[in-house]
Amino acid sequence: MAKESTGFKPGSAKKGATLFKTRCQQCHTIEEGGPNKVGPNLHGIFGRHSGQVKGYSYTDANINKNVKWDEDSMSEYLTNPKKYIPGTKMAFAGLKKEKDRNDLITYMTKAAK
């Protein structure tokens, strides 16, 4: 049986960049000043509370969750977004593999600064 996740562990930013392109970029931008798309721009997400990007229309669920994004909360969210924030409009089913989440978050922490 698989061990329960113990939180974020740094992974490969290169593999994370590929995951972002194939799994996230259709709905999100991450560069500073990037536009909101189907999902909000993710620049500066770490250290910010959920539901805070100006000009993006969030569900009440995202706003009311009021999670402060860090590597661990992002990992938990990306495991199953609809379970972590019931009522979110994020259609993405999540990344079930802990290694994939770690790689993606490692990339995001660099790209979102």
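Easy rule for this one: first residue shown is 1, then count along the chain.
Just so you know, glycine gets a Cβ as well, placed from its N, Cα and C.
Note on C24 (heme c 1 binding site): other Cβ atoms within 10 Å of its Cβ, all shown chains, come to 20. Annotated heme c 1 binding site per Swiss-Prot: C24, C27, in sequence order, evidence recorded as experimental evidence.
Taken from Swiss-Prot, the feature heme c binding site covers H28, M90, and the record attributes it to experimental evidence. Within the same chain, residues at least 6 positions away in sequence whose Cβ sits under 8 Å from that of M90 (heme c binding site) are C27, G39, P81, K82.
Residue environment of H28 (heme c binding site) contains 21 other Cβ atoms, counted within 10 Å of its Cβ in all protein chains. In the three-state DSSP classification, H28 (heme c binding site) falls within coil.
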